[in-house]
Amino acid sequence: MARKIGSVRIEVLEGRNLVPMDSNGMSDPYGVVIVGDKKKKTKAIKHTLFPKWESDNCFEFDIDVNLLAITVEVYDWDRFSSDDRMGLTNIPVSQIQEYIVDTTKWYTLQPMKPNDKVSGEIKLKIRFDKDKTLPPPEKSPFIKAIKDNDTQAIELMMNKAKLDYTICDNEGTPAIHIAAASNNIPLITMLLKGSDARVSIRDQHGNTPLHLFVQKNVSLNCEDIINKLIERGCGINDENNLGETALHKACLATVVQKTTIVEQLLQKGAIINHQTKTRDTPLHYAIKVGKVEFVRFFLQNGANVMIEGGKPSRTPLELAKELGNPQIISKVEKVIEISDWLNELQLETLIPKFIKNEIYMDVITDINEGTLDLLNISVSGQRTKLLRAVRKIKDPLSLSSNSSLRSNSLIHVENDNNNNNNNNNNNNNSQEQCNINNDSLGSGNRNSGGFKAQNQNNTLNNNNVESKSTGNLNSLKNIHNVNNDNNEDKKNNILSPNPIPASSSAPAAPSPVAIGSNTTTTTTTAIAATTTTLTTTATTEDKTTTESTTPPQQQQQTTTITPTKTTTVTPEGPNLDVSDLSVLKHINLDSDSWVIDEKTLTYNVLLGTGASGKVYKGTFNGQEVAIKVLKSFTDKKDIAEFKKEFQIVSALRAPGVVYFHGAGIKDKLCIVMEYCSRGSLYHILKDDTTQFTWDNFFNLGTQAINSLDSLHNWTPQVLHRDLKSLNLLVTENWTVKICDFGLSRFDTGSNLETLGKLRGTYAYVAPEVYFGKKYTTKSDVYSMGIILWEMTYRCIKGTHLLPYAEYPHLKFDYQILISSAKKDVRPTTPENAPESLKNLIARTLVKDSTLRPTTLEFYEELLKIRDEYNANREQWDSIRTIPPQQLPKPIINEEIIPSIDSNNINNNNNNNNTTVTSEKPKLRYQPSNSNLLNNNNNNNNNDSDNNISEPATTDSITKPISKVKEQLLTRTRSSSSPMEPKSIKK
């Protein structure tokens, strides 16, 4: 037991200017005093921001040598949910020991967690009473000899008798720990020679002798001692009671020390990013104690600068800025800058080499072929990309004139007069021009959709001039990675190679207008998703423009300018080619075998419509497929999202993921995937005409978790980020497949900022995502936990309920998100649900993500619960409620039974806002057994009568089948909630 040094008396007096937590602008504050593992709290003072505690507010505690600080926390009492955090203050024991008389002070409240809203102060009265009793003399001569560093006495004792190395001193510290902390190398060596020396034992703080040795030792010749301690049982990554490893303790050495011991620990297998119970890494410790050389060494050896740790949680850079150490701030910032730069270039594998050799952005322009040789960078593609990027930093304009801007459009200029000299166009200011976005450093994208009409001499034939229109889209071979969402909105405009004269006016892309004094121009294009007719009359002195909207079926854009020259633009396809997609990281594609000729696709049924495109049921090579078509193929953000989804679906070949057949990139951007005939899990749960039994529950539930596990175990790891029952599809043979990877990301360094953004359907979003923390596998587990709750409720209650629908005051998704993240509100599991199932759901939905199970643990636990069900089927089945419409019915011939046909279901919901269409209901009978797994009805209707030919553009499809209507369904909760399909009307 730790030695007592005194006692402290703390009186919580009052607070002022506290943060309002209730809707009425008030709070119900109370205080909690924490000393070690002991807590005592005051009563709550109702409806005030200036509380005064006058009773039950005085507490006394004993203080021992191990206590570092006393904490006082303030909370807002809440009758119906968890209490809200209002702030805390930490008072060091060293400061408290100075308060030998009653001392009253105001203490400013700090946030308990980074995003907490905190204000105000709390007034405390503190007095410290020192313990005047002297420690008793050591009873053991062995302990006394160690503390006196008497090696001769110890050697005599070892020769005379067998010594007990586990004997402790008066404070409970074992003999071997006292020796390890003595900084006496001969003494420690002598003890370790004892064959019975047990060095794996722990002291009262959970430290091994290795913990104490690396903290107290000042000798550089200590490798033999470390080796012997490890050989005798000290684990290199063993944790003490605070979660500290030997590497953490080495950072706390009280004397100025080189990194020798730290180097030795890493060589022995110490985990450089190991986190304590407060999530601190060794890098955090080195920053806290201000050891610049340690920080430098950790950074050079792979320390993660994005890990948050401490209380409140901070990244290493945030911590360094808070402590105000300019040297450490500079080193951490340099590492972040070079890492971001290499990530944008998709060269993250080179980050360790650059950091190890301290090649940061301040010297990046000095890189040449010789530097790359010294760094042992031999891959030609990496060398080319690096040298190109370095040239762009030196001169951002140097590459713009050589850029090859792709386009599939031709501009045909028809001149009614005898114009054989294109220079007349320039004299009349008729040159078409648009800005080209720079792909310079830090800009993830170029602007797409703009094009420039360039008159070309020597192409005149029968008064026709053909000139090429060049589109502008980033090629990932030559510019930075677009995986980071934060890059999408960065735009750096530069002058094009042939800038417009100052007197000219350049219209905005994607519909450039030729401005001239005596010209008539007609432009036809399929670039824009919305079709318009533009009539423009312009002279050098006066320009007027009128715009009217044409019917959606008319896919042309006409621009009329008075009077004599006509320009026709042929429909422009996507500004993408094979190289744009083949160059993406992590994809498993050979050459261009994945490219699908859109002419081989047949569009049969419109399954759903979202903000960025549509999903069709169709055929490819005689096989039913789902075709996801991008609505706009010139919007740079849409194209970037298309690339991201393509990158995920083309890379994954897991059995629990919808199969990727290929993609079309010529006439339209589309992804062709496996068609799942039974639709989504959401629609299966929503179908209230069919029973959802425990067998269904366990069969689909285990498959769903297993499918998620296949994503998390992929290399590199995939995070779905939008997991919900609507994105779990079910095939004809009841196999669960995960779909909709529009928000999914690889868990790599290039996606760190993206993974910290709020994404997904709010009812399924984990609390940490709301607070801006990085999205992890445990965030996906939370979403799967909500899905498991959804299935549990449907199985027990017999009806489907959306998550949080039992709370009538939560009408909008943002209310759900705030309540779940800040109030710890969770969907209510049925009271009669089996206890094991309730516990599993609760574990997956716990606020602390580190306490949630992994997908493997989740899967294994559900299998155990399934075994429990199989052993107690009657008991489990007895708690289920079966509505009358789900009871077995006799076969009724020729009866039309409304149901959710598989073709009615959105096979790949590409957006939260989804328009669902359905097919004509078919004749079928109600099976005597309503079990879903025994329902063998053929859901694949013969759609031969409904086939339609491929549209010229995706937006011309308003009725994929003449007998089918698109029905937009709305809900009062939010547009991000799942849509409900309805039967088709003729």
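Heads up, the Cβ atoms here are built off N, Cα and C, so glycines get one too.
Under the heading active site, proton acceptor, Swiss-Prot lists D722, citing sequence analysis as support. All protein chains included, D722 (active site, proton acceptor) registers 23 other Cβ atoms within 10 Å of its own Cβ.
The compositional bias 'Low complexity' annotation in Swiss-Prot covers 412-438 (among others).
According to Swiss-Prot, the feature compositional bias 'Polar residues' maps to 439-448 (among others).
Positions annotated as compositional bias 'Low complexity' by Swiss-Prot: 454-464 (among others).
Marked as compositional bias 'Polar residues' by Swiss-Prot: 465-476 (among others).
Among the features that Swiss-Prot reports, compositional bias 'Low complexity' is placed at 493-520 (among others).
According to Swiss-Prot, the compositional bias 'Low complexity' annotation covers 546-571 (among others).
Taken from Swiss-Prot, the feature compositional bias 'Low complexity' covers 901-913 (among others).
Annotation source Swiss-Prot lists compositional bias 'Low complexity' at 928-947 (among others).
Taken from Swiss-Prot, the feature compositional bias 'Polar residues' applies to 948-959 (among others).
What Swiss-Prot lists as compositional bias 'Polar residues' is 969-978 (among others).
Among the features that Swiss-Prot reports, domain 'C2' is placed at 1-107, with the record citing sequence analysis. Counted with DSSP, the domain 'C2' (1-107) comes out as 4 helix, 54 strand, 49 coil.
Residues or ranges marked as repeat 'ANK 4' in Swiss-Prot: 242-274. Helix, strand and coil residue tallies for the repeat 'ANK 4' (242-274), in that order: 14 helix, 0 strand, 19 coil [DSSP].
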Item to check | Local backbone state of D722 (active site, proton acceptor), from DSSP in three classes | outcome: coil
